[in-house]
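Here is the structure we will look at.
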Amino acid sequence: MPTLVLIRHGQSEWNLQNRFTGWWDVNLTDQGVEEAIEAGKLLAEKGYDFDQCYTSVQTRAIKTLDLALEAMGRLWLPVEKNWQLNERHYGGLTGLNKAETAEKHGDEQVHIWRRSFDTPPPPQEDGDKYDLKKDRRYAGIDIPNTESLKDTIERVLPYWQSTIVPDLKAGKRVVISAHGNSLRALVKHLSNIPDDEITGLEIPTGKPIVYELDQDMREQERFYLHER
Ligand SMILES: O=C(O)[C@H](O)COP(=O)(O)O
């Protein structure tokens, strides 16, 4: 039975500062580092091992994976990084403080921007302080200026199907270190969660989620490893 483990990156600097982050590349906090190490220790302690690892091109997810693998003695495992596993793009909200934005625009509006299924945040303007179009890691990629969860799903799932599923079908044990919304996209698909329910699913930082999948690559069982 294929085994898949998902990990949301450990606490980031902007999680701590309560800022909309999206594609902006921030580092882990000391707590985030600890969470990643603990995730790796827990995986090793419970007898988990992997053949292939996946992550985004964002430092917080890459470092979380590396720290967890180091704690498992598995830093040598193959890792593939792809932008399609990035956090959803927070558009013009990137960099703003979530509480201050709620004071300015109201809780309801901010809730829509954060948790609507298909309403994206306002777009980021070209040349915005947090515009990543000139970032070398995105060369040749038509990067969005905002994304809803629906948009995020539309770029996560093709990568899942084309690249990760074949590994699982070949019997490889896979771990994916990614982000709140790119993981929501995967959980929605794997566990067949309706559009209006998936936005209510909060994925904690640094806590491995284990999936036992059936042959169609859908959930047979899903649990948080620290709860077992
Ligand atoms: O991008 C961010 O700010 C967070 O990683 C996820 O934010 P959210 O909880 O508002 O979706």
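Cβ coordinates come from backbone N, Cα and C, glycine included.
Remark: HIS9 (active site, tele-phosphohistidine intermediate) has LEU28, GLY32, ALA36, GLN58, ARG60, ALA61, LYS63, THR64, SER177, ALA178, HIS179, THR205, GLY206 as non-local neighbours, by Cβ distance under 8 Å and separation of at least 6 in sequence. TrEMBL lists HIS9 with the feature active site, tele-phosphohistidine intermediate.
Residues or ranges marked as active site, proton donor/acceptor in TrEMBL: GLU87. GLU87 (active site, proton donor/acceptor) counts 25 other C-beta atoms within 10 Å of its own C-beta, drawing on all protein chains shown. In the three-state DSSP scheme, GLU87 (active site, proton donor/acceptor) is classed as coil.
ARG8 (substrate binding site) falls within a strand segment according to DSSP. Annotation comment: TrEMBL describes 8-15, 21-22, ARG60, 87-90, LYS98, 114-115, 180-181 as substrate binding site.
DSSP assigns HIS179 (site 'Transition state stabilizer') to coil, not to a helix or a strand. If you look up TrEMBL, you'll see HIS179 marked as site 'Transition state stabilizer'.
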*asked:* As a check: which entries in ARG8, HIS9, GLN11, LYS98, the recorded positions, place their Cβ less than 6 Å from an atom of ligand 1?
replied: none
*For the binding-site residues listed here (GLY22, GLY180), which one has the lowest count of neighbouring CB atoms within 10 Å of its own CB?*
GLY180
_Using the alpha carbons only, what distance in Å do you get between LYS98 (substrate binding site) and GLU87 (active site, proton donor/acceptor) once rounded?_
16
*If you draw a 10 Å sphere on the Cβ of ARG88 (substrate binding site), how many other Cβ atoms land inside?*
27
